[in-house]
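Encoded as structure tokens, the structure appears first; notes follow it.
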Amino acid sequence: MSRVYDNWERLVRATLRQEQLRPTGQGHERVSSGIAGAVPDSLQRTTNINAILQAADEIQAEDPNVARILCEQAYSMAQNLDPNSDGRGVLQFKTGLMSVIKQKLAKKDGARIDRNRDAERLWDFYQKYKRRHRVDDIQREEQRYRESGTFSANLGKSNETKKAFSTLRALVEVMESLSEDAGPDGVGGLITEELRRLKKTDATLSAELTPYNIVPLEASSITNAIGFFPEVKGAISAIRYTNQFPRLPKDLKITGRRELDMFDLLEYVFGFQKDNIRNQRENVILIIANAQSRVGIPAESDPKIDERAITEVFLKVLDNYIKWCRYLRIRLVWNSLEAINRDRKLFLVSLYFLIWGEAANVRFLPECICYIFHHMARELDAILDHGEASPAASCIGEDNSVSYLQQVISPIYKVISKEAERNNNGKAAHSEWRNYDDFNEYFWSPDCFQLNWPMKKDSAFLLEPKKRKRTGKSTFVEHRTFLHLYRSFHRLWIFLAVMFQALTIIAFNKGTINRDTFITLLSVGPTFSIMNFAESCLDVVLMFGAYSTARAFAISRLVIRFFWGALSSVFVTYIYVKVLDERSRRGSDSYYFRIYILVLGVYAGVRVVFALLLKLPACHSLSEMSDHPFFQFFKWIYQERYFVGRGLYERTSDYLRYVIFWMVIFACKFTFAYFLQIRPLVTPTNIIVDLPSLEYSWHDFISKNNNNVLTIVCLWAPVVAIYLLDIYIWYTLLSAIVGGVIGARARLGEIRSIEMVHKRFESFPEAFVKNLVSSKTKRMPFGRQTSQASEDTNKTNAALFSPFWNEIIKSLREEDYISNREMDLLSMPSNAGSLRLVQWPLFLLSSKILLAIDLALDCKDTQEDLWNRICRDEYMAYAVQECYYSIEKILYSLVDGEGRLWVERIFREVNTSISENSLVITLLFKKLPVVLSRFTALTGLLIRNETPELAKGAAKAVYDVYEVVTHELLSHDLREQLDTWNILQRARNEGRLFSRIEWPKDPEIKELVKRLHLLLTVKDSAANIPKNLEARRRLEFFTNSLFMDMPSAKPVSEMMPFCVFTPYYSETVLYSSSELRTENEDGISTLFYLQKIFPDEWENLLERIGRGDTGDTELQDSTSDALELRFWASYRGQTLARTVRGMMYYRRALMLQSFLERRSFGEGEYSQSSFPTTEGFELSREARAQADLKFTYVVSCQIYGQQKQRKAPEAADISLLLQRNEALRVAFIHVEESGSTDGSVRKEFYSKLVKADEHGKDQEIYSIKLPGDPKLGEGKPENQNHAIVFTRGEAVQTIDMNQDNYLEEAMKLRNLLEEFRGNHGIRPPTILGVREHVFTGSVSSLAWFMSNQETSFVTLGQRVLAYPLKVRMHYGHPDVFDRIFHITRGGISKASRVINISEDIYAGFNSTLRQGNITHHEYFQVGKGRDVGLNQIALFEGKVAGGNGEQVLSRDVYRVGQLFDFFRMLSFYFTTVGFYVCTMLTVLTVYIFLYGRVYLAFSGLDRGISRRAKLLGNTALDAALNAQFLVQIGVFTAVPMIMGFILELGLLKAVFSFITMQLQLCSVFFTFSLGTRTHYFGRTILHGGAKYRATGRGFVVRHIKFAENYRLYSRSHFIKALEVALLLTVYIAYGYTDGGALSFVLLTVSSWFLVISWLFAPYIFNPSGFEWQKTVEDFDDWINWLLYKGGVGVKGDNSWESWWDEEQAHIQTLRGRILETILSLRFLIFQYGIVYKLHLTGKNTSFAIYGFSWVVLVGIVMVSKIFTVSSKKSTNFQLLFRFLQGVTAISLVLALSLVVAFTDLSVPDLFASVLAFIPTGWAILSLAITWKRLVWSLGLWDSVREFARMYDAGMGLLIFTPIAVLSWFPFISTFQSRLLFNQAFSRGLEISIILAGNKANVQP
């Protein structure tokens, strides 16, 4: 048994040792947390168990006995805290810890341990440990610094020192516990005395170990410079508690070693949580400090905050509260701004942030926060006016405890939570429950004050909803209907209808305008009034569900508008009828005509006046000032008044710009509509109407005696559809032109190639310094420069530019985009030395010296001619000059004595010759190559480290240079002079000449030698440097952006502080080694794929880690290399690691910029006499502190706590990221479970923030308790909301976790943030939009299409939206938000379930409605990943389309549509939901046209009309169908794309790219995407079902199985495509075209293209989609899936039955069933039409024929039922059923033969019958699915399911057969690979090898 224990202990200890090694990089698979990492959260909150166990781990190897003592103490603490082990994970922790602390663990000999000596052992170890780590010395040194008021950058800064003090603190705590049992006379007394000393002394470095976020407020730190900045000191002083404040209880305990401040009073009065207090204390201090830094840095020793800074913060934070009070006409908490002092302002700001910081989900209700603040501020005001502080009545509970969370937030949260439960996980109708907006809008009315304060528990607002009872909404009800489109944008539809009516009237009157035409045109009056009345009716109907709770004011407005609309429409219509009656009586008086004109004129005048007053900027202020009740009443009737949406106007110049934009569009649209759509249809319409009665070939019910009305409808319907659609076409064209012009004016695309980078490099330093260097950096001195050189602006600019440029190049090397050689060539010298000219990077100068020598050798002319030829290449001239001056400087530094005299003489002679233009005489140019070779040999020696042998060799090399220069290069006369020079001759004879040289030690000289050597030896042209395409693109964009307009950079100390915020759920953090090496079914591993896609970057990685010729398998031998490999792969995927690395570039850039601005305090202040280098800037404490003051990065890892508990690899990877990035913070939701008395599990939720401590473990900074589960709505916005309290600064950049950033872009962030203070309209910006680069576009053609489409939108598209249209919203990431503006107005997204599924764009809506301003800036870019496979793209587009469907129903879209002026509303519509409406209209046009043609074909009218009237309006139809086709294939989507190509790539590349896209079938892709968007958008509005669709962000090169594609696209594409194909087949079979087959093809080519695209695009764009073996496997897999029975727990991926059930889930409501029923009835037209076309029926049009066809159909169904009866059901009648099936089969064949033989039924009739019955069967199936419960109750459901299976089998075979046929031909598969991966082929990649996984062919 003893042996078992020994083995167990060894195993545990070995495991712990291994765990300890991993955080330091020793392990490569994941980073664990050792024994301390297993401590449950319930034990960590109130104890230091984690720290004690960490100390035990640290000292285990040093003294196992002491480690055992610590472990026992930890176990004792855990037992005391949770004796019953109720907490989650406590029992497992105790059990594991007990195994570690067995008695034998600390004794090798197995002797018994004397526990009575534990205190003595611990004391002895404590003393030794202190001496070894010099603790007393460090404390004395610290005390000295503290007394001097400075900080030390060296004191305790090492991680080991911090670890030592952490261990000491744990030892002290355990000693204190053990001293209670020890005697006071022995060691117990020593321990007690030591504890007393520690408590008395203030100088202890334990302050360094106190957890803090950015500013160490709990205990001042002397190693963190941030606390020594004057503005921070001033901010801390500003909130300090003074004698004027109310007295606090004497027994009030404060956390940490700090003084009392305002937050302590607020905590005592309102019961805020301690960590909320700590969090917001730091937040307020940083906001005030940064506000002060903009006003001016305090210079005095006791810095004070300026009143202006406090007032600025006060007004900005409480701006929404001030507006809320004014809206409700209530008095503010303060009387006037002048009446409150700075302390009151700070109290109110602090109170607001504390209320907000603990509000949890209530943060989504900004006006509720205002209500709470209003009352709590009044309570605070009363307390401040008294001398004694007391708890506020509103926060006192029944048990007299004071808790803001329990008394204020929890009641509101509970109501919201109960309402959220009613949404049935997003399946319930929006009208049945209250969302966040409904709760918030309750506070838009003075009625909210009926809640009282403290809030009444029985108020209507806080009553929990009752089951099965509809909850009253607030001011808007989100009914699911398309009618919202009309209601929200009725002005657009009325305008289009009125214009269509007017143009049609003019066209039918042949373009003549006379009195009759004018009277007819006046019919637009009734149209306008009736359509307005329809909108009023919708207002009344769609408010159903809110009448019981809506304000009476709002309901009365609806009623007034309803009756006013009814009366006005009736009146106008009546008058117009009278006007028509007058016209018919030619001689009658025009009385009614005058009245009608007067009424219309007055009405139009009133509308225009109100439109001007409410929308025109110049008039809006006038309307706001008018308080006359009469005026206000009509203004209220005209435009509903909300708290949001007021003042949505722009300045006059902006208004005129977008008005002109739309006027141009209208001119084009209506000209096109009139001449090519409407007028060509006039003549055919008149002819058809006048035609006599036509013969119908079927039984007609409608049109026989009605002037062929349906025929006219069929003729006009597609034209009307295109009329509604083509305005978007014109918008697309004009926006592309305008966007291109604006982009050109912004200087986009000026540098579009690496050649242009080379040519314009000379101008980069000046542009960089102008825009990106602050004034402080520009004033930096140059130490070793001559006065003449310091005055050289170019030299100065180059010196300022070079450190930044070199850091950019270094980052490219770190990212493995360039090699070491390329880095050397691209790096730029510091230019801070004494060389008299600018030194450029070597890639500009490489081979220039050799070319210059060639020119010199060929020189037959004068010196001036030679120099002119050299100067034609300016960089050749730079190279020659630099080479000359460098040689001079190097030679001067190497030699002395006679040698220096020779050098001086040579250069003096050469300089004289240059000045006299006689250089060609002085030097023999043909000897220059020899001189060059000698000097190259010399520099080759000098670049190495000095040795005696090298010194001798260098001296000889210098002598060789002397020989060749003196005796070969110089002219004969000069040579003789030097040879006879006595001093030189004597030294040469004595052997002293160049016998010894001074080896270069000066850094400047060493840099010169290295550079000169490269300059002389690099012979290859550097025109293609860098080779990597991504490196080129980045350098091209960065250098181009230097010439774009941007604000000047402020010094880092004065810039706006900001935060980056990334939500994360469970996506990939870091690829594991196993993930990289696991092969898919094709034998391809992710690592193999990456090596082939990025071959140069793979080689650069190996070079960087020193593994030049090593394979990836050998990298596993080294854990550090294996970790590098994991990061390398992860940085090429869409991983969190990539995002974190990119965002941390902001901190690196700020540290560099701050370092060069040289702000420092205390020890180590930089000398002002020399120009600083960037060496070591990342280690500068001052630079790091300044960066931390301005930048924070919070990743909201929602389930990180759960991942840690289950030891998920993602948790270990996130922990690794924390260790590698000290400024990174991770927020997560912690769930703590505990048992209750009734046996249930009680959950408590906490929002936590952690960072990495000195041990690399998670250190908890804040833990704020939440009122309950924070996920009540959509996951992502709820994730953002819980963590947003931990953000800092005045701006926040929202970054998704599939994004990237670059160091060169991070350098421009200061400029971008200054845009918040720029002039961008009448309101300052609240969201700054920036462009994105999609980095996933180079793999396949699909990725390229998606990349181009996305890039077009995020550049040119958003450019136009922001200016001139002023309707840019927030479309996701990476926009920069005004943080204060948005957190005080509901946050950076909305979270209500389903309705806010596209949560990001609602931030834009909210910002706009609340008088924000959204801009777009293109000098700044951020990387972004996109989906690269067709299925991924389809899921993404489905998600976005579904989100837009929900937007149609939302109140935000309604309000924007109502409150924007007409032209801005148009811009908003066509760039949001209107885009999807137009997409759907594009598809509907095909249906409208084809169903119209099928109607004409079935009815026989097309032949009859064509014979009598040869014209059917083909011109109009052609125009309509051509426009539809161009939209369908993505031509108009590509127009902005092409414009972007032209602008940024050039015309030739743009043309080439467009042609390449067409050859790669981009039109097929765009047509397919059209179907995706249409399906999900339409289904969402009809039935709902919008949801987040996980697309996966991996590398997609795998083959997608046929069944998987069928499941995904069957209902969205395949069925619709087959329906269109059926329509086309019927049309070609029964239709009549005057031009024959050609005319048919021309009319239907777009429809056939749509069919082919929708059916086969998933297989065309499927890797290996036409490979025979894959096709065979796909068929087997599909059959197995089709026939597999479903059941409980069987997923749709495995069984057709389960999938089929899932596909019906969207039909939930009665309304949805009715709509589905109506839509399904369209399929019945086929049977009705075809039966009258059979030869069997002849010309008989009796309705009985149609009835008989149903009898035949029922017979067919019965027969098929006999053949498909289940074998299980017929077990007892097998023989009978077989006999019956045989008889039936024989009878069926005989019957068909007899019918064909003895009747007119022909074989074509049989095929026609199939065409008739298949759609009818589908209609029956659709109806059965729609009314599933009824069918189920009738017992027919199993039969319906089997028929549905047959349909899916038939559709699948129809699609699969062409694929199988094409798979027979091998070249098809090859062609497909070329088609799919052309981009990769152009980069020389072996895609075929990748697809085949044939690694043996490529590995050595």
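Cβ coordinates are placed from backbone N, Cα and C, and glycine is handled just like the others.
Between the listed ranges 834-855, 1846-1867, TrEMBL ties the annotation transmembrane segment to 1846-1867. Against the transmembrane segment (1473-1498), the recorded stretches 492-509, 655-676, 1548-1570, 1714-1731 differ in Cβ pairs under 8 Å, and the greatest number is found for 1714-1731. Residue counts for the domain '1,3-beta-glucan synthase component FKS1-like' (343-456) under DSSP, helix first, then strand, then coil, are 78 helix, 3 strand, 33 coil.
The stretches the transmembrane segment (655-676) and the transmembrane segment (492-509) meet in space: the count of Cβ pairs below 8 angstroms, excluding pairs fewer than 6 apart in sequence, reaches at least three. Among 492-509, 558-579, 1548-1570, 1638-1661, 1714-1731, 492-509 has the largest number of CB pairs under 8 A with the transmembrane segment (709-731). Only residues 6 or more beyond the boundaries of the transmembrane segment (1638-1661), in the same chain, are considered here, and those with a CB under 8 A from a CB of the stretch are 1341-1342, 1430-1431, 1483, 1486, 1489-1490, 1493, 1517-1518, 1521, 1524-1525, 1528-1529, 1561, 1563-1565, 1567-1568, 1570-1571, 1600, 1602, 1605, 1608-1609, 1613-1614, 1616-1618, 1620-1621, 1623-1624, 1627-1628, 1631, 1855, 1858-1859, 1872, 1875-1876. As a whole-number mean, the pLDDT of the domain '1,3-beta-glucan synthase component FKS1-like' (343-456) in this prediction is 91.
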